Amino acid sequence: ATAATPRLDRTTMFAAARTFTTAVAPRAAPTHRRRAVSARAEKPSWAPGFDTPKYLDGSMPCDYGFDPLKLGEKPENLARYREAELMHARWAMLGVAGVIAVEVAGQGDWVSAQPTTWDGTAKYLGNETHAPLFAVIGLNTLLMAFAESQRGAASAEERLYPGGKFDPMGMSKGKDFETLKRKELANGRVAMMAFFGVMAQHQAAGPGGPGPVAALLAHIADPWHVNVGTNAAAIPWLSTAGAPLGF
């Protein structure tokens with residue numbers, strides 16, 4: 001019994017030492033995990049919150065995912081509609097500028113300023129061109145054929161935008177070329193809507209009525225009496241409707 005006592009004491013000492021070591025041992029430093037969060041800007045959408053077609057991925061200028069009828073679902077259709085929209089946009093901008101310029105210059109409205117008679121003489125702004133009508137048509141046909149031939153490239157970008165065969169001003173060489181593409185199409189879309197309004201206004205005003213600039217000035221001067229609600233041609237069933245555009 002006496003000889004076993006030191007062995008018991010030694011065991012007790014080892015156990016106590018192990019407990020003490022465990023108690024005072026430094027704890028491992030907590031590890032911090034880093035999470036990488038990537039933020040990306042959502043592409044512009046004509047209807048935020050709604051899914052846009054996958055083929056409208058925002059790579060084209062002014063692409064806001066608008067195609068509710070899925071007209072451009074096929075790649076060949078999308079390319080054709082894109083080219084057609086841009087061509088119509090450019091013609092609309094030229095047309096609206098011409099409509100405004102004629103009236104501001106005091107040459108009547110855009111319809112009466114360009115009478116073309118079939119007696120052999122073409123007129124514009126009341127001035128005779130001293131050229132046969134068919135000669136004017138033939139010259140315009142040649143000029144248009146040349147312009148169309150210059151955009152007959154196989155590449156879609158070369159057909160639509162300068163930088164290929166025709167770029168006399170070097171507009172495709174600048175850093176803001178992509179910005180110019182967006183501005184052109186955005187203004188062209190507004191111009192197409194504006195020219196539709198010009199034609200609707202002429203239909204409402206009737207022959208001999210005011211032009212779009214005169215109608216706009218009349219509306220600004222008296223908006224409560226010169227508007228679509230007082231236009232007998234636009235809303236004929238209103239009893240308060242008077243003469244077209246209040247004139």
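The backbone N, Cα and C atoms fix where each Cβ goes, glycine too.
Feature annotations, reproduced from TrEMBL:
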type: BINDING; residues: E85, H88, L125, K183, E184, N187, R189, Q201, H219; note: chlorophyll a binding site
type: BINDING; residues: R90, E148; note: chlorophyll b binding site
- Query: What three-state secondary structure does DSSP assign to H219 (chlorophyll a binding site)?
  - Reply: helix
- Query: Across all chains shown, how many C-beta atoms besides its own are within 10 angstroms of the C-beta of E85 (chlorophyll a binding site)?
  - Reply: 16
- Query: What number of additional C-beta atoms lies within 10 angstroms of the C-beta atom of R90 (chlorophyll b binding site)?
  - Reply: 15
- Task: State the Cα to Cα distance, in Å, between E85 (chlorophyll a binding site) and E148 (chlorophyll b binding site), rounded to an integer.
- Result: 16
- Message: With the cut-off set at 10 Å between Cβ atoms, which of these binding-site residues ends up with the most neighbours? Options: E148, E184.
- Response: E184
- Message: Just to verify a number: CA distance, E184 (chlorophyll a binding site) to R90 (chlorophyll b binding site), in angstrom, no decimals.
- Response: 8
- Whole-number Å distance separating the Cα atoms of H219 (chlorophyll a binding site) and R90 (chlorophyll b binding site) is 28
- Separation of alpha carbons, R90 (chlorophyll b binding site) and R189 (chlorophyll a binding site) (Å): 9
